[in-house]
Amino acid sequence: MSTRSVSSSSYRRMFGGSGTSSRPSSNRSYVTTSTRTYSLGSALRPSTSRSLYSSSPGGAYVTRSSAVRLRSSVPGVRLLQDSVDFSLADAINTEFKNTRTNEKVELQELNDRFANYIDKVRFLEQQNKILLAELEQLKGQGKSRLGDLYEEEMRELRRQVDQLTNDKARVEVERDNLAEDIMRLREKLQEEMLQREEAESTLQSFRQDVDNASLARLDLERKVESLQEEIAFLKKLHDEEIQELQAQIQEQHVQIDVDVSKPDLTAALRDVRQQYESVAAKNLQEAEEWYKSKFADLSEAANRNNDALRQAKQESNEYRRQVQSLTCEVDALKGTNESLERQMREMEENFALEAANYQDTIGRLQDEIQNMKEEMARHLREYQDLLNVKMALDIEIATYRKLLEGEESRISLPLPTFSSLNLRETNLESLPLVDTHSKRTLLIKTVETRDGQVINETSQHHDDLE
């Protein structure tokens, strides 16, 4: 804005700095001294000094003084008590009138600038009111529409999150119950497997006994066969002996027929044969009895072993059926567990997806809230900047008011008359020519501070002749 640039330049020209508030990190103090001296040779010298000091926009003060001094700076000049050089007085009066004219022009310019500043302040106040109205409107809109929408959506999201949390807890409880059932069934399966192993070990021992009984039976059968062969051999041997004895008996009969006087051998042979037959029958009966007893014992042991084997087979079949039923039940429970785990994973994935969507929505809403906060902060900063500019303008207006009051008080003072001046006559021959040039000395002092410490200080002197 052109008005702001003009005000900033005028503020810089009057106070030695910018028209806005100073930065918090670096403070600058400007000291500007303007001295105007009118040299009138060595007799009369009116001097006008102007000093304007500014350390900060909040502490500006202005000192403006104008005086007429009479000096005598030339040694050895003869002074008279009763004569006045009116040419010098006319020159002084002319210079004084010119100074007053210039001051009137400056006051007129200051009045114009003051009016411009007042207009600018009014304009900035209007802009400030407009911005405040917009800020209040934005606050009302955000509170009425966006706030209610965000709160309603947040409540809905929280309700859904709570529902999903409850569903997840319920599924976790069901999963824990199924896990306990599976663990119990696994323990039961382990017990059944141990019992099956014990039954198989018992069956293996019974099979070993059966094998041993079969081997014993085979051995006994071989013994029976060998005994039968031995009996057959003994029978055959006995028959041969009987035949031999009969042959001998026949021969003895012949001999008896021939010789009647010999002893009777038939009775002896009959006795011997009866004895052998009785011994053979006895041995055969004993062998048969022993074989029968052994065969009965072995048959009884085989029957017992067969009963135990049959019972073991029945138990094994029963255990096998139980294992198969438990295996089927475990497989069914595994399928149920897998389906539940799959459903739980799907629910967790859906929950994670919905949570991510809700999180994105929350993040987007938070970003919008942050953007609105930043926009409000920007409006507040603009308002603060405008307030700082207004304060600076108020300070400048107060300064101008003090200047105007000082000028009014100075103008209201009566002008000194030449009759009241204590003038001394000087030797006009020794007076130099009147110096009509005005000397203006400008002192610019810049002080930079940071965190309360002076980091740089510069001074500049400018001498201008008018």
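Just so it is clear, glycine is given a Cβ too, placed from its N, Cα and C backbone atoms.
According to Swiss-Prot, of the candidate residues Ser83, Ser261, Ser278, the site noted as phosphoserine is Ser83. According to Swiss-Prot, of the residues Ser66, Ser293, Ser66 is the one noted as phosphoserine. Residue with Swiss-Prot feature phosphoserine, selected from Ser26, Ser54, Ser339: Ser26. Per Swiss-Prot, the residue annotated N6-acetyllysine among Lys97, Lys168, Lys282, Lys334 is Lys168. For the region 'Coil 1B' (154-245), the number of residues in each DSSP class (helix H, G, I; strand E, B; coil) is 92 helix, 0 strand, 0 coil. Taking each of the modified residues Ser214, Ser409, Thr458 in turn and counting other Cβ atoms within 10 Å of its Cβ gives the largest count for Ser214.
Under DSSP, residues within the motif '[IL]-x-C-x-x-[DE] motif' (326-329) fall into helix, strand and coil as 4 helix, 0 strand, 0 coil. Confidence for the motif '[IL]-x-C-x-x-[DE] motif' (326-329), expressed as mean pLDDT, is 84. Mapped onto DSSP classes, the region 'Coil 1A' (96-131) shows 36 helix, 0 strand, 0 coil. Comparing Cα positions, Thr458 (phosphothreonine) lies closest to Tyr117 out of the modified residues Tyr117, Ser214, Ser226, Ser409.
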